[in-house]
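Per TrEMBL, these features apply:
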TRANSMEM  40-59  transmembrane segment
TRANSMEM  136-155  transmembrane segment
TRANSMEM  273-294  transmembrane segment
TRANSMEM  306-326  transmembrane segment
Amino acid sequence: MSTPGSPSSRFRELSKYINSLTNLLGVDFLAPKLEFNYRTWTTIFAIVNYTGFTVFTILNNGGDWKVGLKASLMTGGLFHGLGKFLTCLLKHQDMRRLVLYSQSIYEEYENRGDSYHRTLNSNIDRLLGIMKIIRNGYVFAFCLMELLPLAMLMYDGTRVTAMQYLIPGLPLENNYCYVVTYLIQTVTMLVQGVGFYSGDLFVFLGLTQILTFADMLQVKVKELNDALEQKAENRALVRVGASIEGAENRQRLLLDVIKWHQLFTDYCRAINALYYELIATQVLSMALAMMLSFCINLSSFHMPSAIFFVVSAYSMSIYCILGTILEFGYDQVYETICNVTWYELSGDQRKLFGFLLRESQYPHNIQILGVMSLSVRTALQIVKLIYSVSMMMMNRA
C-alpha cells in the first residue's frame with residue numbers, strides 16, 4: 001500500500017485531478033467504460049455550434065475576403081480541440097491502460113530504496129512545474145481575449161468579439177444581440193480553454209514518464225556499476241584465476257538494466273502510437289492558426305488575431321519544447337548505457353551489453369507525421385514556412 005505523500009499516491013492524485021478536468025467535458029478516461037452524459041453532449045454541441053457559425057460567417061462575408069479570413073482564424077483551434085476530444089473518445093482504453101501501467105511502476109519502485117523514491121518524486125515535481133506554466137499561459141490568454149472586447153467598447157465604442165464568427169439574427173449593432181453573442185462566445189471559449197488545458201495535461205502526463213523511466217535507468221546503471229567496482233576491488237584480494245563472489249548479483253543487475261531499457265523502448269513506442277495523430281494535429285493546427293493570424297495583420301492591424309497569434313504560438317511551442325527535452329532524455333539514456341563499466345563484465349555479459357548498446361543508438365523519437373521530430377528545431381522550420389506562405393498569399397492578393 002502506498003502512503004500519503006508517496007510518489008504513487010501523488011501520481012494517483014495527479015491523474016485524478018487531470019481526469020476531473022476532462023470529466024467536465026464529459027470524458028472520464030479513468031473509468032473502465034466510457035459513457036456519454038449531458039456534459040459529453042454539451043461539448044459536442046459547443047463544437048458543432050462553433051463550426052456552424054464559423055462556416056456561416058465565412059460564406060456570408062459580403063464579398064470581402066478579409067472578413068472570411070478573419071472568421072476562419074480559429075479553425076486551427078477547432079482542429080486542435082477536436083483532435084483532443086476524438087482522441088479521448090476513440091482511444092479511451094489505451095489512455096487508461098497507460099496511466100494504470102505508470103501507476104503500477106510507481107507503486108513497485110517507490111519501496112526499492114531512497115534513490116528510486118527521490119527519482120519518482122523529482123519527476124512528479126517536474127510535471128507539476130510544467131502544469132503550472134501551461135495553466136498560467138492559458139489563463140492569461142483567456143482573460144486577455146475576454147477583456148479585450150470590453151476594453152475597446154468602453155474606450156471608443158468599437159464592438160468586436162473575441163471569436164470572429166457571427167450568429168444569424170444577432171447583429172452586433174444591437175445592444176441586446178451584442179451581449180448575447182458575447183455570452184455565447186464566452187461559453188464556447190470556456191469549453192475550448194478547459195479542453196486545451198486538460199488535453200495538454202493528459203498528453204504531458206504520458207510524455208513526461210519517458211523522462212521518469214530515463215532517470216530510473218540511471219539508478220539501475222549506478223547499481224550495476226557499484227557491483228562491478230566492488231568486483232574490481234575484490235579481485236585484488238584473491239589469487240589470480242580464482243572466482244570472485246557476487247557473480248549472480250552482477251548478472252541479475254545487468255539483466256535488470258537490459259529489461260528496463262526494453263521497457264523504456266516499448267513505452268516510447270506505445271506513447272508514440274497513442275498520441276501520434278494528436279501531436280501532429282496539435283502542432284499543424286496551431287501553425288495554421290498562426291499563418292492565418294499573420295496574413296490578417298499583414299493587411300491591417302487586427303487586435304483579436306494578433307492575440308490569437310500569440311496564443312497559437314504558445315500552444316505549439318510548449319509541445320516542441322517538451323519534444324526537445326525528450327530528445328535530451330534519449331541522449332541521457334544512451335550516455336547512461338555508455339557509462340556502464342563494461343570491461344568488468346564477463347565475455348557472455350559483454351555480448352548482451354553489445355546488443356543493449358546497439359539498441360540504445362536508435363531511440364523511438366516522437367514524430368510529427370513520421371517525417372519531423374517534435375522539437376524546437378521543427379518549430380523554427382514551421383515558422384519560416386508560415387512566413388514564406390503568408391508573404392506569397394499576400395503578394396497574390
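Numbers run from 1 along the shown chain.
Here the Cβ of each residue, glycine as well, is placed from N, Cα and C on the backbone.
Caution: TrEMBL annotation is automatic and unverified by curators.
Remember, it's a predicted structure, so these values are computed and weren't measured experimentally.
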When you scan the chain for residues with a C-beta under 8 Å from the transmembrane segment (273-294), skipping those not six or more beyond its ends, what do you find?
69, 72-80, 82-84, 87, 91, 94-95, 98, 199, 203, 206-207, 305-306, 308-309, 312-313, 315-316, 319-320, 366-370, 374, 378-379, 382-383, 385-387, 389-390
When you scan the chain for residues with a C-beta under 8 Å from the transmembrane segment (136-155), skipping those not six or more beyond its ends, what do you find?
161-162, 182, 186, 189, 193, 196-197, 303-304, 307-308, 310-311, 314, 318
